[in-house]
Amino acid sequence: MSRPRLLPATYTVAWVSALPLESAAAAEMLDEEHCDPRSRGSNTDQYIFGRIGNHNIVMTCLPSGHMGNNSAADVAGRLTTAFPSIKFALMVGIGGGVPTASADIRLGDVVIGHPHSQYGGVVQYDFGKTGPNRQVHRTGFTNAPPKVLLNAIAKLRENHYRRLNDISAHLSVFDRLAQFSRNTTGPDVLFQATYKHNGGDNCECCNKQMIIERPKRESTEVVIHYGTIASGNQVMKDGVTRDRISAELGEVLCFEMEGAGVAGAFPSAVIRGICDYADSHKNKSWQPYAAATAAAVAKELLRVVPAEEIVKTNISERVSDAEEYRVSFSLKGIPRGRFVDRPEEMRRLEKVLIPHRQAQSEEYRQQVVVLHGLGGIGKTQLAAECARKHQAAFTSVFWLDGSSEDSLQQSIADCAGRIPEGQIPETSRKYSSSAHGDLNAVIGDFMEWLSRTENKRWLIIFDNVDRDYQQETDIDAYNVSNYIPEVDQGSILITTRLANLQQLGEPLQLGTVDMSEAHAIFRKWYNQDFDLNDSDELLQLLDGLPLALAQAAAYMSETGTSFRTYTRLYKEQWKDLMEIENTAPLRSYGARSINTTWTVSYNAIRAQNEGAANLLLLWAHLDHKTLPFWILQAGARGSSALAKDLSAWLGDAADDEVKFLQVVRLLRSYCLIDSLHGSSTNSTHPVVHQWAFHIQDEDQRAELSRLAVLIIGYAFPDEYATEYHQKQRQLFPHAESWIERMEREIVNTMAEVNVEVLYALHMMGMLLSDRGNLGKAEKMYQRALEGYEKAWGLDHTSTLETVNNLAVLYADQGKLADAEKMYQRALEGKEKAWGPDHTSTLDTVNNLGNLYKNQGKLADAEKMYQRALEGKEKAWGLDHILTLNTVNNLAVLYAGQGKLADAEKMYQRALEGYEKAWGPDHTSTLDTVNNLGNLYKNQGKLADAEKMYQRALEGYEDALGPDYIQSYVPALHNAYSYGMLFEDQGRLSNAKLMYTKALAGYKLVFGTDDRWYRAVQERLKNLKTSQCSRSTSPTSRASRLTRHVADILPAAESAASKSSKRLRLLRKLKLT
């Protein structure tokens, strides 16, 4: 009997498989097979057509070798475009089971994705956002199956309880296909999750003692489970990871690779036959039978879906009405070529925009999507690819140039000329070619045509709507909503940089591409192979901005420029490079370049609020990431002169948070800044950051650079502030960015004459020193010192403060001779200017004691400490912080001299005072806690020592955060000390962990030639050999530890000494 041939519109159910094996099993389920109903043009996917019960079904399989959610979503998208009447899909095939205490899953069972806990049935477990504590919050979960399938699943379960299903009968069709038989599968064996496969194609070599014994099932009927299916883009083959993810998601029944791609595309259900346990013991012996059971269950599910629930309208009649309004697809105005797939963004766009990706109740409602983002981010390219890819889903597609109202109206006139003859007045159809007639009438006729009841399936794309009509000064701006038909039908896509247009429809923000997509874009334009390692630095600079990637690749391809050369030119001659590239703009990007693409937005912002435009320019001299309001406010409030200058540039935005937020909102509305992922703070894209710097003229750049360094200097937080370390962390990147970009251009001129800049450089040196960046800190101190010596003289007290801090830094670097010279100079100068008992003099006396201690001159150190302590107790009192710093240092000295009882008394006094003044979790308190741990260790009180080390470690982690702790020297010493304790106790894995932390930090702060780095490196090496450092004598161990302890406190105490003099320094400079 010949196969029937039906119209494409009569197929209402899609069946998707990932593997040929699954597709073969699916085809066997058809009650009747059909001929291919039509030619599909450029669609090369293979389909099988047929009927199950009363449902006409189209089946398809993913391309060979192209598995995963992205491929599944693409195939599903093309399928629904070619067959627009499809209402839902079934994703049917094999998967890995997750046996649990509540789900006795066996090989050959079937899992149906069903709502459970917070998920709709399928969750993409490898897609989500990383939040606090590095915890991943999954955002890739899909909607539940549509109501018609949920009702059918309920009926299927009911029939199962009543033993009314025909699954066994469906499986009987495989009797002629031996490979699908249960008899060919082999044993069903489940191993402990932690036990790894021992090699070979099967588990014959695996340890049988690791098998989990399970009771034998009495029945051979297929068992169906209902719950969450975890979908990812790689095969799950690890039992521990399987169980961990399952627990995180509230119990998963199955792992697979395509369900989220199909379920994210349109209403669907995922059905999986269990062929393995998603662990390392995978083999293929159960795959055919699992594919057969899944197909049989899918057929049984379809049999309980009433056909009338799917088809409630006369499809053929509806299609014929729509065909009357079909307009041939045209590429006029649409950017062509070199598009690189962005599957996740395309999937989100398709879900809202494409008919039959929407909920059934919304099928003919007007859909408006606002695709917004930074200029050059790829909005136009994504919209163009969507139009080309899904043209068959619409009867007409119109691309409109929205860059100005004139351009838009001319585009409408051009599109009117494509409307079939007789459907609008001929004068409107021929307006574009004849230039005669009334343009307003043409637009009116076009809108009327779109509003006709039968004309429902059109798509209009308004591209580059980037001018804000609310800004009255822009004569090219217009209100795009005036050109949107006021009917509840059709689809509309708007690409824009204006965030406020989100109100017109469903917002979809387009962000930067990831590194793999960046490589793909670059390769498209580079036209030749390249080493990924060579390209990494440049691609990181361009940070996933498609226009910048394409422009760089095209230029390098045309000129033969190497990656190294282009990267150097980008850093050093950015403006010249961009001007050269501007002479050859990219057609795919509307003939725009990096040098021109943001100009319209920037000019619009300046017309509305000069302070907002100036903030963007000022930001270019700071770090491109977050710029909190408090930094500007602290800078303005730290100096009246700076406040006046900032007011001239930024208005009230530097000292009024509401005004600051208004300015930020305006910049965000044009997408020139964006909120950081998972945060309320804002950032600028690195390429926008670079552009904003280079559009400034020489005078602007010099002045804004001066303001930037002053803001950093005056925003330096008081160490007594509760948020000291948090603010330091936020301020530090701005200091590094300013130094990297502007040191040569401003410091040499300003540092000689401007006392405010000298102060800012001094404070920047403190910031960099406290953060462990000693090399850059030294440069800042040197610049400040040179300026002070010229401005104030060698012996001025302001000069001596910088001399003191430079001595502290030299001591931290291990340059003890240089440090001593500086300390002696500072001490002599201060004694002469202030007298021997002045608190500033005593600070230097204390620091000189630190140095003597580190040099092993313990008697001299004790004299210095005693002098400093007596003076501070008299000046500040017994419990003042600065007094306690010297108490703490004296305790370290006593410990080094073997006076352990005296040391303990001093530590306890310091600790009690710090806890009272700072609280138990302040870093100064924790420094003393750690030192007390060192003392207990030397006394042999190992349990007490461990308590102190652990308290210090946890406190540092909470107070400093994961980034700063890597460069905070006392925390590194804590890790080193804790590691030695673990080593003494024989807990070598714990010791290795602590040593590794310390080694990484020492390398970051001091480099690989430092004595601390070498000492830890040696200990790590010894851990790996049989001659472990257990052989080290107690005497040598104590001696090494004493030197270690002695180095902890100078850095912590000196920082306190530096901060305590900030206000005094300001007053002397007359800057308050």
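Backbone N, Cα and C define each Cβ position, glycine as well.
Note that TrEMBL annotation is computational and uncurated.
Annotation source TrEMBL lists signal peptide at 1-26. Annotation source TrEMBL lists domain 'Nucleoside phosphorylase' at 13-302. Per TrEMBL, domain 'NB-ARC' is recorded for 363-501. Sequence annotations record features per position, and here TrEMBL assigns repeat 'TPR' to 800-833, 842-875, 926-959.
Mapped onto DSSP helix, strand and coil, the domain 'NB-ARC' (363-501) counts 53 helix, 26 strand, 60 coil.
Residues of the repeat 'TPR' (926-959) grouped by DSSP class, helix first, strand second and coil last, total 31 helix, 0 strand, 3 coil. Taken through DSSP, the repeat 'TPR' (842-875) splits into 32 helix, 0 strand, 2 coil. Per DSSP, the secondary structure of the repeat 'TPR' (800-833) breaks down as 32 helix, 0 strand, 2 coil.
Per-residue confidence over the repeat 'TPR' (842-875) averages out at a pLDDT of 90.
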